[in-house]
């Protein structure tokens, strides 16, 4: 039986590590590994600080809320609404990402066994799974997510070992300064785990030192795993990294990587899809006032509307959600933290550095918005 500390650490690490990792190799291959590694390290430090600030909010506030509730309490109703809509955008985009990427993974390994199986069929499976499981408050995702995180980390370790042994280091020569901002949103998306901070605090009531240490370690572990995974994928993809990171490794690692990576990737996306979908349903019901039936219908249908109207590039969606939705959420966290009557986890942090963080997230929002409307200069 794991100690409460290790259970809380596993919860935080397991929540952070997810499908966002599969977007990182492709994006970092466009700018260069060394620059991408520096970006992961820098943003890991920034996200750790955001997690600590959110931990301060949880520690200091007697009532328990989601982020929109904290925003309403400390910043007023306008910021509460901004935070709620930002969270709605984040959850909607995340569901779209799971549909797009999960369908790719499902098609990847099923088509090896049944060549007639197609991508639209995989999307249909996601739709009917959501329609059925969102109707109930399913415990499926919480029951298996820990095991799937373990298998995902195991697959990352296998890829790292094989990539280092069989791959090449030619990718270290790649550098394109025009694309330096390109991985920003995806890295932010892949490292963020604020949603689970209140649950991890339950294991440490009153022990702020251990809670602070857990947040730091729990954010650093995924960042280190991501660095190793990106290194291995770039090493094992001499002909070019594929958008979902798996297909490009087949010349070096063989078709077995399609089965292993596709299966684990699909299981990770489908369980996370269920968990996020239920959160989406709850947000619509309790924050936006829809009744249970309409919340179920909207949670089941709205993400698929985006897929049906032509949203197909999951990497672009990850960039948008990471830079814009999570960027707005992080700005809200910094502003709430500045309003707290006391600080337990981040006590020696100059006020001007807080506003520098706000500036970083604001710049990220602007960059990603310009990239989305076609004004950006990045070579995608």
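Just so you know, glycine gets a Cβ as well, placed from its N, Cα and C.
Straight from TrEMBL, the features:
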- 33-54: transmembrane segment (TRANSMEM)
- 87-110: transmembrane segment (TRANSMEM)
- 116-136: transmembrane segment (TRANSMEM)
- 148-168: transmembrane segment (TRANSMEM)
- 180-201: transmembrane segment (TRANSMEM)
- 213-237: transmembrane segment (TRANSMEM)
- 257-280: transmembrane segment (TRANSMEM)
- 292-311: transmembrane segment (TRANSMEM)
- 317-340: transmembrane segment (TRANSMEM)
- 352-379: transmembrane segment (TRANSMEM)
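Contact between the transmembrane segment (352-379) and the transmembrane segment (148-168) is absent: fewer than three CB pairs lie under 8 Å, with pairs separated by 6 or more positions in sequence. Here the transmembrane segment (180-201) sits against the transmembrane segment (33-54); at least 3 CB pairs are under 8 Å, leaving out pairs fewer than 6 apart in sequence. Of the candidate ranges 33-54, 257-280, 317-340, 33-54 contributes the most Cβ pairs within a distance under 8 Å of the transmembrane segment (213-237). Here the transmembrane segment (292-311) lies next to the transmembrane segment (116-136) in space: the count of CB pairs under 8 Å, restricted to residues six or more apart, reaches at least 3. Below 8 angstroms of C-beta separation, residues 10, 13-14, 17-18, 21, 225, 228-229, 231-238, 249, 252-253, 257, 260-261, 264-265, 267-268, 271 of the same chain, each at least six residues beyond the ends of the transmembrane segment (148-168), sit close to that stretch.
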